[in-house]
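A.B. asks: Structure in structure tokens, see below.
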There are 6 protein chains.
Amino acid sequence: MASPSSLCLLAALLALISWQAMASDPSPLQDFCVADMHSPDHFFKAAKLDTPRKTNKVRSNITLINVTQIPGLNTFGISIARIDYAPLGQNPPHTHPRATEILTVVEGTLYVGFITSNPNNMLFSKVLNKGDVFMFPQGLIHFQFNPNPHQPAVAIAALSSQNPGAITIANAVFGSKPPISDEVLAKAFQVEKGTIDWLQAQFWENNHY
Amino acid sequence: MASPSSLCLLAALLALISWQAMASDPSPLQDFCVADMHSPDHFFKAAKLDTPRKTNKVRSNITLINVTQIPGLNTFGISIARIDYAPLGQNPPHTHPRATEILTVVEGTLYVGFITSNPNNMLFSKVLNKGDVFMFPQGLIHFQFNPNPHQPAVAIAALSSQNPGAITIANAVFGSKPPISDEVLAKAFQVEKGTIDWLQAQFWENNHY
Amino acid sequence: MASPSSLCLLAALLALISWQAMASDPSPLQDFCVADMHSPDHFFKAAKLDTPRKTNKVRSNITLINVTQIPGLNTFGISIARIDYAPLGQNPPHTHPRATEILTVVEGTLYVGFITSNPNNMLFSKVLNKGDVFMFPQGLIHFQFNPNPHQPAVAIAALSSQNPGAITIANAVFGSKPPISDEVLAKAFQVEKGTIDWLQAQFWENNHY
Amino acid sequence: MASPSSLCLLAALLALISWQAMASDPSPLQDFCVADMHSPDHFFKAAKLDTPRKTNKVRSNITLINVTQIPGLNTFGISIARIDYAPLGQNPPHTHPRATEILTVVEGTLYVGFITSNPNNMLFSKVLNKGDVFMFPQGLIHFQFNPNPHQPAVAIAALSSQNPGAITIANAVFGSKPPISDEVLAKAFQVEKGTIDWLQAQFWENNHY
Amino acid sequence: MASPSSLCLLAALLALISWQAMASDPSPLQDFCVADMHSPDHFFKAAKLDTPRKTNKVRSNITLINVTQIPGLNTFGISIARIDYAPLGQNPPHTHPRATEILTVVEGTLYVGFITSNPNNMLFSKVLNKGDVFMFPQGLIHFQFNPNPHQPAVAIAALSSQNPGAITIANAVFGSKPPISDEVLAKAFQVEKGTIDWLQAQFWENNHY
Amino acid sequence: MASPSSLCLLAALLALISWQAMASDPSPLQDFCVADMHSPDHFFKAAKLDTPRKTNKVRSNITLINVTQIPGLNTFGISIARIDYAPLGQNPPHTHPRATEILTVVEGTLYVGFITSNPNNMLFSKVLNKGDVFMFPQGLIHFQFNPNPHQPAVAIAALSSQNPGAITIANAVFGSKPPISDEVLAKAFQVEKGTIDWLQAQFWENNHY
């Protein structure tokens, strides 16, 4: 049988141009597939939890560790993210089109929730403390909010895809490039075009995994 | 080997209480699995295309034909929908958490589009005429709009799941039960709480597949 | 995170030599994977339904729209076909080795059916009118026939693979290149070798998706 | 964590009514799922290779060992078959809608082949001796024939599904219950209705896995 | 369309007897499937990180949060575990037959490693500090060891299955019930039967997820 | 539609550098994918069963026929192995991280078994005679032993992956390169470091598929 090294030679070449974009999430066909077979660094990512992090406009910071950061994750259908929340910071309503998420609070308190699909659109929400675990089903709109005005919060999120993707609702609907016609959005949100124009003016830099 | 009839006996029992909700979309393990093995009606649905249809508040009507309507679809990972659009009607921005969609225009004209995930949120849109085909990738926000003020439009949409699900963005974000906190939404959409309260007041009956 | 453009650069290169042959049908790992990230045409196919179409020896015409025609379908596990039937035309008995099919009649009338696997080989058949929907389970032999001697028919078929494949039974069994030994076929069909030789002489150009 | 015994309690109940028909072929969710957790017999099947076997009308005998014979195979996506061929016996042209097959000759000689899908319908064939291995891709029409007029042959076939299914072409096309209209078949095979009627009269008892 | 409540009615009944043992890890067919549709507790698990935990004979403690603890995980293919290590404690060499693992150190220091499959059996190892991330590919033998003689360590492990399973090598090989024949093991480990008998005498209570 | 030849052109190029290492085991997207479309040899492997074979230190010989030997197996999720056992020879305790196995005895007698996962670690074992069939669930530790001191044995094993992988426990745990720390192993196996050092000194050349 060919050695793992030779079996992954092509993968090594392809990795130079981000080939993992072609693959999909099912069962792997080898132990792993990375460029340099002799380094444990392809399975490792240093990410100090103690360093305070700069947060964005909605006062959060998401550090995704997916197949781009740890090449060894290729074909294995899993990734994680660390999320830092400043006091009153949030990870605003978004979906992961390709993953379910399990979130563990490691510091502080979070108010979290998700909304079910049509026709019921039920909100399931909960206040989580340090050590608590909550899950967000694949493709559903969800959010996390740090309700504490004085203390930051930190969570670790496990996601069921090596490249889960994220769609921040406000950014995608009101901040797409080019914008969606305000005629379409006014009818969809049952408001005047002027309100849509106002909402479209507020979109800001994306900040999600 | 056991006959298909006996192999599907349990499925028949379970179908009485909608058992298909448990299954998933991968390869089937038998020819098909339906309650009454001797009727072709488990593979069939009458749905006259000529009948004019009543439309909803956004002036569209979606008739989904999934595993609930055609039990034979069980385990096969595919379904279809017929969509009727009144003049200036729309199928507002929504996602299918479990399916990619291919839409074929069979009557009239449609302006359609989808938005890519973070961080680019690009809008891909197109005007389609009778016979034209367009696709919406799994999990991405998309919409269809009939720009003709006088003529209706009709489309057939194929979806890559026996139960694709749908999340209408406006309904889920501003019309969930109970509502998402306006403190969270105000920050997410970068507007005042008053604007969020106004938007939440507009939600209406869900109307999507 | 790398932008979708860079993530799909390799896919773009590979697409030039039909790389989709390597991929498989499961969950995608990105929004989509196409060569030119800035054109909606990768998600679109013009296919006028009004144009009358030339039909083949069995008086039908199949226009498959799979990943070859719409590159955006890559990794999404779905495709569609438009089928035109002249009066008394048919889509003869065939299988799709990699897909289940849902067929919607958009013009005319069709007599359709499929046969279950061993040991029962039951025929499930139905006459369909405009708007009616029927499904053919993965891998089973099926056919459609336009019984109207004066009117054409048109159907749209959705298939659960980006490249479903088709095996027309008569062509494969009696028209393979080189032919199957008539000693084998005579025993299999329980007839004389002369009958097999006669059948093999009738095979004609393939005409299926 | 619940013990495997309790986790499989329901499976035990369901097995009484052949519940495996509902499941599909992907990754298992437990070590295995059988009714009686304490017997190795759920993983075992006695099948003496030395016993001569009675053959059918086409002079072969197929002994499938799938999830029905070995309950432990449930959810594991694999099965095997032993095939005995009398001198000049055959396993006539057939497909497995849900499996690829690897065949190993353990006694005698076999002439084997498969035909590719449209539009090329190429025949790939080979004469195999004891110990030789050949594969038949999923869904393609294939056959085996023992060309030796004096010696029997035996093969072991591994199949990539716990319930692969089989469609014997002659039986399904000319022996379905009820028969396919001879008007459809005459056009499909490009012969007179009389020839079709003759072929339909020859069908016999099914004899395949 | 049926409401999620009715679609999951059967799942609710089945959950009472641990039905999740039957399912597999692929794409879900609904938003989620839990017994009581109106409680967020099916998506939640309280698990205080601050409480010191009792450790076992190898001085570790594994708290798995899989589908048994959070019913909402059903069909979503992901779970997590919290692992506590006393000073010089370890999670001894083991495999997960159904999952890849991503481990994040949240307290202390860990020496971790995995061994590749035949024929190379390479050891990839690394010392991890607080915040560092390491992955263990599906099915490979791996371990974690807290080398600090004075400080405990804590890690969060994400696993790519709702029920990953674990096989502790020493326990399975030398502590199975009934024992593997010492004639087999003596040859396999290339030692005297007496050494095997000694090893078999040391096995102790299992302590793993 | 593109011909199979052109669709597989890239696969042909990639095959030169073992590209199959990148792919995974799910549904194929074409009839097959091999370099030279016109040769049946890509689906064939000569492997005479009559030739006596040289055995290794544990007195067995494993001949794996996977995608490396039969390129046509690519994307089809199945492979087979022939195993020869000298008198008192064994295939020592090992796992296949990516496959379930079905073993058929074609010559002689075998004592076979597997051990379940934590926490029960039950041994399921059986003595098999010629023609008997036994299965080993995915990822579980298993072994075969020829208890006859005078007669050899031969088995054919079917595996549910095109590249199942194998981990021989003794070799991986006590013979990894570099070795696992004896401090870790002494605690894991509950023995003195001296015993571990002795075991590590015994490892020998790997001999498994």
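Placement of Cβ uses the backbone N, Cα and C atoms for every residue, glycine included.
Automated prediction, rather than curation, is the source of TrEMBL annotations.
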A.B. asks: Check TrEMBL for me: it has F:H94, F:H96, F:E101 binding Mn(2+), so pick out which one of F:H142, F:H150 it puts in that same site.
C.D. replies: F:H142
A.B. asks: Three states by DSSP: which one describes F:H96 (oxalate binding site)?
C.D. replies: coil
A.B. asks: What is the set of residues, excluding F:H94, F:H96, F:E101, F:H142, whose C-beta falls within 8 angstroms of the centroid of the C-beta atoms at the Mn(2+) site?
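C.D. replies: Filtered neighbour residues, in order: F:T95, F:A99, F:F114, F:F136, F:L140, F:I141, F:P164, F:A166.
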A.B. asks: How many other Cβ atoms are found within 10 Å of the Cβ atom of F:N91 (oxalate binding site), counting all protein chains shown?
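C.D. replies: Within a 10 Å radius of the Cβ of F:N91 (oxalate binding site) lie 30 other Cβ atoms.
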A.B. asks: Would you mind reading off the Cα separation of F:H96 (oxalate binding site) from F:H142 (Mn(2+) binding site), to the nearest angstrom?
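C.D. replies: About 9 Å separates the two Cα atoms.
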A.B. asks: Distance between F:N91 (oxalate binding site) and F:H142 (Mn(2+) binding site) at the Cα atoms, whole Å?
C.D. replies: 9
A.B. asks: What same-chain residues, at least 6 away in sequence, bring their CB to under 8 Å of the CB of F:E101 (oxalate binding site)?
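C.D. replies: Counting only residues 6 or more apart in sequence, the Cβ neighbours of F:E101 (oxalate binding site) under 8 Å are F:M135, F:F136, F:H142, F:A157, F:A158, F:L159, F:S160, F:P164.
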A.B. asks: What is the number of other Cβ atoms found within 10 Å of the Cβ of F:H96 (oxalate binding site)?
C.D. replies: 26
A.B. asks: Going by DSSP, is F:N91 (oxalate binding site) part of a helix, a strand, or coil?
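C.D. replies: It is in a strand.
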A.B. asks: With DSSP as the reference, give the number of residues of the domain 'Cupin type-1' (F:60-197) in helix, strand and coil.
C.D. replies: 22 helix, 58 strand, 58 coil
A.B. asks: Enter the number of other CB atoms within 10 angstroms of the CB of F:H142 (Mn(2+) binding site).
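C.D. replies: Other Cβ atoms found within 10 Å: 23.
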A.B. asks: Could you tally the C-beta atoms, other than its own, that fall within 10 angstroms of the C-beta of F:H94 (Mn(2+) binding site)?
C.D. replies: 25
